[in-house]
Amino acid sequence: MAEFVRAQIFGTTFEITSRYSDLQPVGMGAFGLVCSAKDNLTGSNVAVKKIMKPFSTPVLSKRTYRELKLLKHLKHENVISLSDIFISPLEDIYFVTELLGTDLHRLLTSRPLEKQFIQYFLYQILRGLKYVHSAGVVHRDLKPSNILVNENCDLKICDFGLARIQDPQMTGYVSTRYYRAPEIMLTWQKYDVEVDVWSAGCIFAEMLEGKPLFPGKDHVNQFSIITELLGTPPDDVIHTIASENTLRFVQSLPKRERQPLASKFTQADPLAIDLLEKMLVFDPRARIKAAEGLAHEYLSPYHDPTDEPAAEERFDWSFNDADLPVDTWKIMMYSEILDYHNVINDAQNLTESQ
């Protein structure tokens with residue numbers, strides 16, 4: 001039986017196993033508090049994320065279960081990896097992952113990025129997205145604060161709490177506004193992996209410019225700012241809008257012409273502009289895919305088709321439409337955690353026997 005110790009962080013009780021010590025707050029989100037800690041077993045520094053009240057409602061239980069399943073499944077150099085998970089005596093859930101020193105949001109607010117760093121960061125974002133998308137997963141909330149970076153400039157995508165299955169009928173109001181793809185605003189119904197490419201394009205533009213590209217004050221203002229730069233959406237895109245109210249709103253806007261991105265990003269490499277234009281396309285069907293972006297000439301210093309793996313198998317989303325009570329989600333969660341530790345123990349036993 002694991003021994004647990006308690007600590008107070010920002011008025012929140014952290015109840016962790018004695019394997020971890022020296023807790024220091026790193027960040028607070030809507031669904032959890034993250035601390036850095038020392039892993040006394042390995043000697044490395046880790047991030048410990050406490051999921052707040054994971055069993056308070058069926059919706060939160062399902063969200064936590066989904067994030068756990070995704071963290072267990074996704075194994076890629078540019079995606080955050082799970083190193084431990086446990087449930088405390090107070091029935092809080094803790095995810096333990098590798099610790100990276102900072103995130104892209106903090107980097108962007110501290111200083112301008114040099115060209116080679118912009119290239120390398122974008123390459124790693126697209127490399128991670130290629131893998132995630134090939135697993136049948138859409139992140140849905142890609143933004144600078146969800147992109148972690150260490151002192152070696154290694155980059156990892158994190159926070160898959162909003163991630164969803166690839167589904168042409170996907171619904172919902174997700175993603176931080178500045179990085180939200182227009183099809184989420186326009187249709188509220190049909191979107192797919194291309195929303196992540198749009199978000200990556202907004203992040204790319206922010207790295208080039210040093211500030212958010214589309215800093216909308218609200219939903220309507222956000223769309224208006226996008227059209228000021230990219231022009232009015234083509235008719236064939238407008239005709240895909242499912243909501244009559246949204247359709248009337250878009251048709252009521254003044255017609256705008258697309259502005260050349262080169263006129264806004266005057267200091268940027270022409271190849272960077274070319275790739276950005278392919279990422280920020282209104283029509284998701286015409287938007288460049290993550291795998292195609294990797295092969296763009298702008299990223300040629302890093303592109304290696306033999307080292308840009310796709311997922312070996314697609315993620316199993318069979319649970320996603322289930323409407324289950326909290327107790328059932330809790331049992332499923334316990335089962336996943338036991339399975340995780342059994343796999344780890346089996347791997348360790350195999351290593352020791354060799």
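Cβ coordinates come from backbone N, Cα and C, glycine included.
Going by Swiss-Prot, these are the annotated features:
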{"type": "DOMAIN", "residues": "20-299", "note": "domain 'Protein kinase'"}
{"type": "BINDING", "residues": "V26, G27, M28, G29, A30, F31, G32, L33, V34, K49", "note": "ATP binding site"}
{"type": "ACT_SITE", "residues": "D141", "note": "active site, proton acceptor"}
{"type": "MOD_RES", "residues": "T171", "note": "phosphothreonine"}
{"type": "MOD_RES", "residues": "Y173", "note": "phosphotyrosine"}
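Swiss-Prot feature annotations superimposed on the structure.
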residue: V26; record: ATP binding site; DSSP class: strand
residue: G32; record: ATP binding site; DSSP class: strand
residue: D141; record: active site, proton acceptor; DSSP class: coil
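Sparsest Cβ environment among the binding-site residues V26, M28, V34 (other Cβ atoms counted within 10 Å): M28. Candidate recorded positions: G32, D141. Fewest other C-beta atoms within 10 angstroms, D141. On the backbone, the CA of V26 (ATP binding site) and the CA of the residue listed as 'active site, proton acceptor' stand 20 Å apart. Here the domain 'Protein kinase' (20-299) has a mean pLDDT of 89 out of 100. V34 (ATP binding site) and D141 (active site, proton acceptor) have their C-alpha atoms 18 Å apart, to the nearest angstrom.
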